[in-house]
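Database features, via TrEMBL:
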SITE      R123  site 'Transition state stabilizer'
BINDING   H151, D158, H218  Zn(2+) binding site
ACT_SITE  E215  active site, proton donor/acceptor
Amino acid sequence: MIRYFFVLFILLAQACNSGQKETTETIHEQPQEEAVVSVEDTVKAEDVIDKTVLYDSSFVNLKKYADGFSYDMRYATANNFLKKKVYPCAECLVRKEVAEALTKANKELTEKGFRIRFFDCYRPLDVQKAMWEIFPNAKYVANPNTSASIHNRGAAADITLEDLKGNPLDMGTTFDFFGKEAHHAYTELPDTVLANRQLLKSTMENNGFRAITTEWWHYSFKSKYRYEPSNFKFSCGQ
């Protein structure tokens, strides 16, 4: 009888060891999977962050921020009333919320067969001082010694309209024309010119911009005074 129980004990011990071994092997056969992020996924995530984490007050390069605009940045050339190039490159910088409003306005215009062409956007304070020295008339040039231009705050743009083939619409005068013919109240102009000005004005006002009386091309964003004047220089190509 003792021998019988001894044999039974040996068999039970072998069975227990066998079960433990199988359980251990099963655990090792199911390793944890590692999270894998591809380079492509990383780039896409960064693209989203670039658009969403910016503050409204951030300066953005409009050429890289949105498509569909046209550019004729006059102060990056000598084709302006200063008669000299004062910007190192033809970039258009504005505050982020201004860029969003401009994009909405341009979308409305493209649906009608037109688009915005830019003459000027952010303007360093030093350039404003140079303008004042040449033309010290507060009706046309903001006095940098008393109140900075909205351009210095990144919340204004000098613009016109063109058709989708790149042909500019007739606005009655050239950009930076210092005379009554450039005023919004001046109506001794062809009907087509008045209609073009009104199209630009109504579209911009519908998207949060305000005109000034003496320049058909200048539009300031509604929250312009929340931003401080700036004097940083352009970073070309960035």
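A Cβ is built for glycine as well, from the same backbone N, Cα and C atoms used for every other residue.
Under a cutoff of 8 A between CB atoms, and with a sequence separation of 6+ in the same chain, the neighbours of D158 (Zn(2+) binding site) are F118, F119, D120, C121, H151, F175, E215, W217, H218, Y219. Within 8 A of the CB centroid of the Zn(2+) site residues H151, D158, H218, the other residues of that chain are F119, D120, C121, R123, S149, I150, A156, A157, E215, W217, Y219, S220. For the binding-site residues listed here (H151, H218), the lowest count of other CB atoms within 10 A around the CB belongs to H218. The Cβ neighbour count for E215 (active site, proton donor/acceptor), using a 10 Å radius and every protein chain shown, is 19. Taking a C-beta cut-off of under 8 angstroms and a sequence separation of 6 or more, R123 (site 'Transition state stabilizer') has the following same-chain neighbours: Y75, S149, H151, N152.
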